[in-house]
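One structure below.
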Amino acid sequence: MGYTLCVLGCGTMGIAVLSGVIDSLDTSSRLFTKPSKWEYHTPGTLTPVGPPDASVPTEYIACVSRKASALSLRKVFDSLGALGEAVQIFVSQNVEAVQQSDVVLLCCKPQIAHAILNEQGMKEALDGKLLISILAGVTMLQITDWVLPSTRVVRAMPNTPCKIREGMTVVSNLPPSAVEERDRAIILKIFSSIGRCRFLEEKHFDACTALSGSGPAFACIFMEAMADGGVMMGLPRAEALELAAQTLQGAARMVLQGGAHPAQIKDSVTTPGGCTIAGLLALEDGRVRSTIARGIQIATERASELGQPPKK
């Protein structure tokens with residue numbers, strides 16, 4: 001039972017996904033004693049375990065192009081315990097790695113995806129397998145043109161917080177097949193173990209790339225600005241940053257776990273003539289809403305350009 005999971009192009013995001021999956025399985029094996037129901041929206045929780053099944057990976061392969069990268073990966077995975085130590089690392093052996101795998105996670109740079117998928121023997125190696133692409137801007141139509149019709153292609157868009165199992169992953173609708181339910185179970189167990197997972201139509205992926213993929217950078221700009229404001233008013237830097245980070249995390253959890261709308265939370269904090277409304281008006285003077293929204297718009301437009309051939 002189980003399957004072999006191959007990460008093709010195991011860079012920053014590949015490491016984050018693979019490390020999150022391995023760590024969640026290892027943690028759950030230590031702490032869980034009975035089966036628990038899988039939920040595709042489970043936020044950063046332990047991976048439930050039960051009787052072994054075909055949707056749980058049992059072997060792992062990470063592919064890189066340089067020996068130096070392989071040495072770095074070895075240190076990262078060895079730090080994850082027994083499961084991490086069992087990860088096989090292939091250097092410049094993409095086809096051989098895919099041949100030994102059942103599910104392939106494509107994590108290379110979008111600009112080199114075509115070259116990798118067109119390596120001699122790659123199409124045959126992917127024959128009949130599940131190929132999950134996390135490449136920004138590279139459409140399913142493009143990828144299906146580069147592989148055999150028997151290869152089941154799916155797009156997924158995780159973000160960096162999956163490294164600490166607080167990620168947000170959007171997955172495209174699955175192609176119809178005889179093993180569609182098994183593929184869905186595999187995808188959910190990979191990405192639900194590292195955060196939240198939602199299925200959306202592919203037409204929304206560029207916006208998802210901007211909102212949740214680039215979003216951590218935008219959130220950190222806001223967090224850093226809050227901390228800077230605290231420092232300006234006399235708070236020590238470390239404490240100011242802790243206050244800002246925990247405040248944003250707490251507000252986010254009230255939305256996700258409590259179901260509260262952000263406007264409700266804002267209004268509940270804002271008392272007449274108080275300091276909150278004074279600060280909000282200052283933010284509105286700086287057009288903070290439209291600036292953030294426009295940032296998502298520009299990032300979405302840029303995401304649509306990634307992976308596309310350069311304009312002449």
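Cβ atoms here come from the backbone N, Cα and C positions, even for glycine.
Note that TrEMBL annotation is computational and uncurated.
Here TrEMBL flags Leu8, Gly9, Cys10, Gly11, Thr12, Met13 as NADP(+) binding site. What TrEMBL records for Asn94 is NADPH binding site. Marked as domain 'Pyrroline-5-carboxylate reductase catalytic N-terminal' by TrEMBL: 73-137. Marked as domain 'Pyrroline-5-carboxylate reductase dimerisation' by TrEMBL: 202-306.
Asn94 (NADPH binding site) and Leu8 (NADP(+) binding site) are 7 Å apart (CA-CA, integer value). The number of other Cβ atoms within 10 Å of the Cβ belonging to Thr12 (NADP(+) binding site), over all protein chains shown, comes to 10. Here Asn94 (NADPH binding site) is positioned 18 angstrom away from Thr12 (NADP(+) binding site), judged by their C-alpha atoms. All protein chains shown were included, and the count of other CB atoms within 10 Å of the CB of Leu8 (NADP(+) binding site) stands at 27.
Minimal Cβ crowding within 10 Å, among the binding-site residues Cys10, Met13, is found at Met13. Neighbour density for Gly9 (NADP(+) binding site): within 10 A of its CB lie 21 other CB atoms from the protein chains shown. For Gly11 (NADP(+) binding site), the same-chain residues 6+ apart in sequence whose C-beta sits under 8 angstroms from its C-beta are Val64, Cys107, Cys108, Lys109.
Asn94 (NADPH binding site): 23 other CB atoms within 10 A of its CB, across all protein chains.
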